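Asks: Before anything else, here's the structure in question.
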Amino acid sequence: MSHSAVSQAGAVSVSIENQRSLRRSVFKQNNSISFNSKSWSSSLALNQKTTSIRDGKRYPSTTICMSVQQTSSSKVTVSPIELEDPKDPPLNLYKPKESYTAKIVSVERVVGPKAPGETCHIVIDHDGNLPYWEGQSYGVIPPGENPKKPGAPHNVRLYSIASTRYGDFFDGKTASLCVRRAVYYDPETGKEDPSKNGVCSNFLCDSKPGDKIQITGPSGKVMLLPESDPNATHIMIATGTGVAPYRGYLRRMFMENVPNKTFSGLAWLFLGVANTDSLLYDEEFTKYLKDHPDNFRFDKALSREEKNKKGGKMYVQDKIEEYSDEIFKLLDNGAHIYFCGLKGMMPGIQDTLKRVAEERGESWDLKLSQLRKNKQWHVEVY
């Protein structure tokens, strides 16, 4: 599928600073399209039904057009604004026995060739029937039979949603997932054993536009973004695909123009990955640094490229220790701290925080208890 520039009466010229960043952030459909100095019509409707051709086959798809005026400001207009109306988050609208059938819009590999493994950004069309809030998760039921329960479907796999409630196309009809393909290699032979590969992650990464997908949810309240205080500080810590909910947070803070939702606090992201090629959504985050230097900080831990102060591999907990004085002061002043990623990251982080607390003459157990009591501590690991 391609997105063609059009010339009509009333069209305006749009100069795009970063083609690749815009393509990944908004259009997601075609990796070869050029956006420089194109003219875009302000009157094209959303969701024009078309077909896309992939591997010689036709797939139904949707042309998405972004409103022209959005490019003249630093933020994007979103709709429908009614998504802001509910006072409580949507929960479990669809359950495993009565799941929702959505469609795949696009699947894009979002890591470089030197990254260990493959991670995909997957856009799903739910047609506005599966509303969610930032920080929630969808459940995915892969096709096929559960090998442990003959005749029964596969178990639900949960994935953090990597977009705001308005989706990657800002129209409230899509949601995005960030999925690492789970591949098993035999420790003795070093060869891949497809029978032990992750069923759901491989299904998602192999999906094509137009493929159907069974969704449950949305679920989760622990990682919901508190928005009652626009001046709040949010410290976000992630490894790998754990960055997914933070992409939604940051888009809401810095990319989208939502009425009465102006963020003037501090968002501080710590991301741990193997190497530069493994960085996820790096162009988006780097743009926020440029556009909002007073409200966004971004620190990376590249375990295969950097060394910590002891000469070992640089992990995210080493970055936390490096900035521990600032982090503890921010927590003392009410900052929220979030953790998302592999559960194996938490022991090292907890040990670091405990050691730093003791060096400061504080009890970490007491401090952690207080953070939980004040609802400043948010953890979602898998």
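Each residue's number is its place along the chain shown, starting with 1.
Glycine is no exception: its Cβ is also placed from the backbone N, Cα and C atoms.
The NADP(+) binding site annotation in Swiss-Prot covers 235-253. If you look up Swiss-Prot, you'll see Cys200-Cys205 marked as disulfide bond, on the strength of similarity to another entry. Residues or ranges marked as domain 'FAD-binding FR-type' in Swiss-Prot (evidence: sequence analysis): 97-225. Annotation comment: Swiss-Prot describes Ser201 as phosphoserine, evidence class similarity to another entry. Positions annotated as phosphothreonine by Swiss-Prot: Thr233. For 1-64, the entry in Swiss-Prot reads transit peptide.
So where do these features actually land, and what's packed around them?
Replies: For the recorded site, Ala238 (NADP(+) binding site), the DSSP three-state label reads strand.
Look at Cys205 (disulfide bond): DSSP puts it in a helix. Sequence-distant contacts (6 or more apart, same chain, Cβ under 8 Å) of Cys205 (disulfide bond) comprise Val107, Glu118, Cys120, Ile122, Val179, Arg181.
Residues in the domain 'FAD-binding FR-type' (97-225) partition by DSSP class (helix H, G, I; strand E, B; coil) as 10 helix, 47 strand, 72 coil.
Within the same chain, residues at least six positions away from Ser201 (phosphoserine) with a Cβ under 8 Å of its Cβ are Arg157, Val179, Arg180, Arg181, Ala182.
When Cβ atoms from all protein chains are considered, those within 10 Å of Thr233 (phosphothreonine) total 19, not counting its own.
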Asks: Would you identify the secondary structure of Thr233 (phosphothreonine) according to DSSP, in three states?
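Replies: DSSP assigns Thr233 (phosphothreonine) to strand.
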Asks: Under 8 Å between C-beta atoms and at least six apart in sequence, can you list the same-chain neighbours of Thr241 (NADP(+) binding site), or say none if there are none?
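Replies: Within the chain, Thr241 (NADP(+) binding site) has Cβ neighbours under 8 Å at Thr119, Ser160, Cys178, Val179, Arg180, Leu280, Gly341.
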Asks: Mind giving me a neighbour count for Ala238 (NADP(+) binding site)? Other Cβ atoms within 10 Å of its Cβ, every protein chain shown.
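Replies: By my count, 25.
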Asks: What whole-number Å value do you get for the CA-CA distance of Met253 (NADP(+) binding site) and Cys200 (disulfide bond)?
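Replies: Cα of Met253 (NADP(+) binding site) to Cα of Cys200 (disulfide bond) measures 31 Å after rounding.
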Asks: Using C-alpha positions only, work out which of the binding-site residues Ala244, Arg247, Leu250 is nearest to Thr233 (phosphothreonine).
Replies: Leu250
Asks: DSSP secondary structure for Met253 (NADP(+) binding site), reduced to helix/strand/coil, please.
Replies: helix
